[in-house]
Structure formats: structure tokens, C-alpha cells
Amino acid sequence: MARISLEHIRHAYSPRAKAAGDYALKEVHHEWEDGGAYALLGPSGCGKTTLLNIISGLLQPSDGRILFDGKDVTQLSTEERNIAQVFQFPVVYDTMTVFDNLAFPLRNRKVPEAEVEKRVNEILEMTDLAGMAKRRAQRLTADQKQKISLGRGLVRANVNAILFDEPLTVIDPHMKWVLRSQLKRLHRQSRFTMVYVTHDQTEALTFADKVVVMHDGQIVQIGTPAELFERPSHTFVGYFIGSPGMNFMPASVDGAMARVGDQTIALANAPALKGEGRIELGIRPEFIKLGRDGMPVTVNKVEDIGRQKIVRATFCGQPLSIVLAEDDDIPTDAKVSFDQHAIGIFSDSWRVENQSSGQGG
Amino acid sequence: MEKTWNNKAWFLVLPVLVLVAFSAVIPLMTVVNYSVQDTFGNNQFFWAGTDWFVEILTSPRFWDALWRNLVFSAVILAIEVPLGILIALNMPKHGPGVPVCLVLMALPLLIPWNVVGTIWQVFGRVDIGLLGYFLNSLGISYNYTQNTAHAWATVIVMDVWHWTSLVVLLCYAGLVSIPDAYYQAARIDGASRWSVFRHIQLPKMKRVLLIAVLLRFMDSFMIYTEPFVVTGGGPGNSTTFLSIDLVKMAIGQFDLGPAAAMSIIYFLIILLMSWVFYTVMTQSDAEQS
């Protein structure tokens, strides 16, 4: 178990990278707390797996250093870093039995056989594979294969961290839920530092204490699920977290007033704008009220998704999504009003903090 | 349910039947015909029964050739299979080296067999051959036309040079089909180089390897052209393998009866070997289920 520090890590797959665009991973400077459960969330190709492989040592970063508990491990191999990693694609050694598969990482490290027996049996119990321990690991379902893969990641007792690279992609939805809660429980028991890569926001938000959102090779926000939802620091986080995503519309700001089209919207505080950026006003569909008071809006479509209704509307020429409870009425001459405290102002895609709060943007 | 008989079906399979009859059945039957008769030319035949089979099976000449051939096959398999695996393991999997290696590997396979024989025949000659002349000027007396061991060494090295590529290419095909995740997982699991080979690479190569062994066994058991061109079966009979012996008997001595009998025995041996290989292969597949 270790605190993992990434110091100015950058990575390019081509050795001749110069421009920022050549880097698959732009500068990452971040500390992973000892015993934390992190999710790395982002779309495919955003650099999540690259970052994970750099931590585990499968990749050498082009620039920067990695420290485990303050000790530089940048040049160390995967074995020396003592890290467990589970891959998206299940890896099973089909010449061995299921038991031997799970024992493999321990036996390679010369763990005494009695200890191997004990650890493997625990994992077999946890992953529900006890019934097939003596079977050769062949002709297994995708679920079973991935459970073996997961088990090999979890079987070692003294790892610095366990890394998961979209481990549940091939697993069916029900089993996904079960395995995820087992992982969560395991984390609470063992306090391993865990980093979990996924592109599924539900998975990230349920597994992790802290979610790290990545976009285009860089970390755009690190926060608890609630922070990501309520105060996205980048328009990408707004889009990516939540369903439907946050509404963004071009705006201009004058003090504590924002103008969208020909409408003026009062803000709770004056944002601390610096310089001339492209200004956008953002609001989550959950914080918009549809009623008889407020600003004019045109309702285009209503999607009923069970316990909620999603209203697709046009506001000042901009598309606007609104989430309503199932039994809320939609008046014929509908007007909208925004919850003042839920409005965010974004300059060049980054959130602008309020003047009074004194935080940096 | 009553089966409906439609005689048109015979008409439809007729082309294939004719083709098979002319390419396989009729030649084979001709051989069977020769093997039970004696002839002195003029198209006059006398019934000989199983005489020729008895003669072949009791002649030391046949057993010697068979033994030589088995030893030869065993030796080249023992060299080509491990060597092929070793080369395949060390071939690059990415980058510009891949096509270069593949072309280099394919080259010996693209050369006609009698040309391979000629190349080595000239290469090993004491007077003008690069290898033969060089070895002798180093003080090593090497002469494949006179020394049995040298003849064997030349034929074996030639076969290894010619055919190891086949094993390499088959193994390489098996190796490149292994996803990177396997190697990464093995590194995470702390597997040794040997474990990676034993538990990841070898299982993936197993099927192609069995095919490679089968092909190399069949081919080497029927080898004719290259040793015929290089040594002509000599010195003495020391490199006279089954095919060479058969041709000597049939064309050289014009003993059609014994040659036909030997052909049939030879054919049955290869059939038996193929069956053994097939059984072993399917059984190792069945084990996996």
C-alpha cells in the first residue's frame, strides 16, 4: 500500500513528439492518496490506459517521475513496483487449473505453499469459483475468465496498488453489479490503493471515493461524485457526467448579470472573469424549472424515461434539456427559470469561480 | 419417412468420380496390378501372387532404406522444430523488421527442390564449391561424395536450410495471434521467461506446431529430389532413402513387380503414420474439452 505521486508526467508514443498535440498524455501532476479508491473516467482514447500503464510500469513515461511513498520508481520494472493490474481483455492461462491460475502470481514470488492455499481459497470464495478450482481453465464463459483475471489481481497480499483497466466491460450487467460491490467491500477491508479505469460514469461514481475525469490527454477535474455533478470545472465534465448532460449556451457577463440571447439572468455572485474568453453559461437539466413564470421557451419533444421526463426545448435559439419528475405538468405556454445557485459560468470551457469565494478558477 | 431415390444425383457427381478415377483410382489399381504379376516386356504377364511382397519384406535392402529414412526424419524433426521455434520467438512482431524477416524466411521455400539440391551439390564440392573448398583449405577433410558421415551431414544441413522456414512461419503465425494483454499480465504476475513460453506461447503454438511436425514428417519421409541431386543416394547406399530406392528399382532395374509391391507397402506406411498423427492431434484436442 502506498501513496503514489505523479510528477509532471507526460507521454508520447512517438519519440519525436514536440507539440502538445503529439502527446497521448499531456502533463499530469497528481497525488493518489494511500488507500484511496479512484476512478479514472473518460471517453476512449483520452489517455486513461496510458496513465494506468505508466503507473504499473508497463510503459515508461516520456517525461516526469513517479514516486511510491516518496521513493522514485520511474526506472523500476513492474515486478519491482509490486503492482497488481487487471486488464480489459481477460487473461487466463489455459494450461493450468483455475486454482493454479490464481496461485500463479504468488508462486512466481515464492510465497510459501500454505499461504498460497489460504489466499487462493479466499479469492475462490469471493469470486464464486470455488466449485471449479480443480478444473482446467478451458472453455470458460467470459464472466468466469474475467473473474479469474480479477482474482489474480486481488490474490497478492502486499501490493502497492491494484489497477483495473475497464475490467467489467465483458461481464453481463447483473454480474457487473455484484463484482463491483465485492470490489468495493474488498477495498474497505484491505485499504489497498485502487485505481479503476472506466468510460462508464455509473461504474466510476459507484466505485470511487474520488473520480478523476480525463479528456484529451489531460486530467480536467478530480472530485467526489457530488462535486463533479454540482460544480463541474470544465464543460467536458458537464457533458460527460449526468444524463442528459449539462446545458451550455453562449453568454455575456456584466457583473452579477448574464445575458443569453435577449434574456438577462441574475447570478448569485459576480464571476471573477479575467481577460477575453469565450463565455458560456452552464446549467444542469435537473435545476431548471418549467412553469408559468420566467423566460419564454419552446418545447419540442418530451421523452418519458420512467420515473422522469426529459423535455427537449429551444431557449433563445439554443437547445435546452430539462429534467422533470414523472407527474410534473408541462403548461401549454411554458416558461423556464434557472436555479441561481446551480448556474456555472465557463470561460474557454473552464469554470470561472465567484469573486467573493476567492478561489482560483 | 420414405427416402426418395433420384438417379440424377449420380449424374451430378459423375465429373468428380471421373476425375478421382483417373487421378487416383486407376493409377493405384495399375500399381496393384503390377504388384501381383511378373512381366518380361511384350505386354506378357504372369501371375506372381504375393511373391513380390514377400521378396520386398524379406529383403535387407528395403529395411535398410526404411531405417535410414526413419533416422533421417527423426534427426531433421529434432533440429528443425526447436530451431524453428527459437527463430520464431526472436523475430520482431512490430516495425520495419517484420517484412524483411518474413521475406528472408520465405526465400528457401520459394526455391524449386532440384535447384536447392543443385545449390548444395555445387556448394559442397571440394574443387569449386565455396563450402567444400573452404573446409578443406582449413585442413578439415570434407568430401560428401566419399564419406558417409559427410554425405549425411550435407543432406541434413540442406534440409534444415530448406525447411526450417516452414516451421518458423507457422510458429510465428501462432505467436502474433497472442494479444499483448497476455504478455502484460504475465509481467504483472511476475512470470519468468520460461513460464511465459510454457504457459502462454507454447499453448498458442501447439496446433500449428502439430501441423508443422506432420508436414515435415511426411515430406522428409518421402524425400527424393534433393538427396538424389546431391549424393545420388551414395556413397554406396548410405543416403538411399525409400523414394530413391524405389526409383532405382523401378526405372534403374526395371523390376516393375517388386517396385509396385514396394510402392504399396510404402503407401501403407505413410497412411498408417498419417493416421497415428491424426489420432494424436485429435486426442490432444479432445483433452481440452
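Counting starts with 1 at the first residue shown.
Quick reminder: no glycine exception, Cβ is built from N, Cα and C everywhere.
Feature annotation from TrEMBL assigns transmembrane segment to B:12-36 (among others).
As annotated by TrEMBL, domain 'ABC transmembrane type-1' applies to B:66-277.
Marked as transmembrane segment by TrEMBL: B:70-89 (among others).
If you look at the transmembrane segment (B:101-123), the same-chain residues 6 or more away from its ends with a CB under 8 A from one of its CBs are 87, 91-92, 129-132, 154, 157-158, 161-163, 165-166, 168-169, 172, 225-230. According to TrEMBL, the transmembrane segment annotation covers B:101-123 (among others).
Same-chain residues lying 6+ beyond the ends of the transmembrane segment (B:160-183) with a Cβ under 8 Å from its Cβ atoms: 76, 79-81, 83-85, 87-89, 91, 93, 102, 105-109, 111, 113, 116, 120, 196, 200-201, 204-209, 211-212, 215-216, 219-220, 226. Residues or ranges marked as transmembrane segment by TrEMBL: B:160-183 (among others).
The transmembrane segment annotation in TrEMBL covers B:208-225 (among others). Among residues of the same chain six or more beyond the transmembrane segment (B:208-225), those with a C-beta under 8 A of the stretch's C-beta atoms are 69-70, 72-73, 76-77, 80-81, 84-85, 113-114, 116-117, 159, 163, 166-167, 170-171, 173-174, 241-244, 247, 270, 273-274, 277, 280-281, 284.
Below 8 angstroms of C-beta separation, residues 31-35, 52-53, 55-57, 62, 66, 210, 213-214, 217-218, 221-222, 242, 245-246, 249-250 of the same chain, each at least six residues beyond the ends of the transmembrane segment (B:259-280), sit close to that stretch. Marked as transmembrane segment by TrEMBL: B:259-280 (among others).
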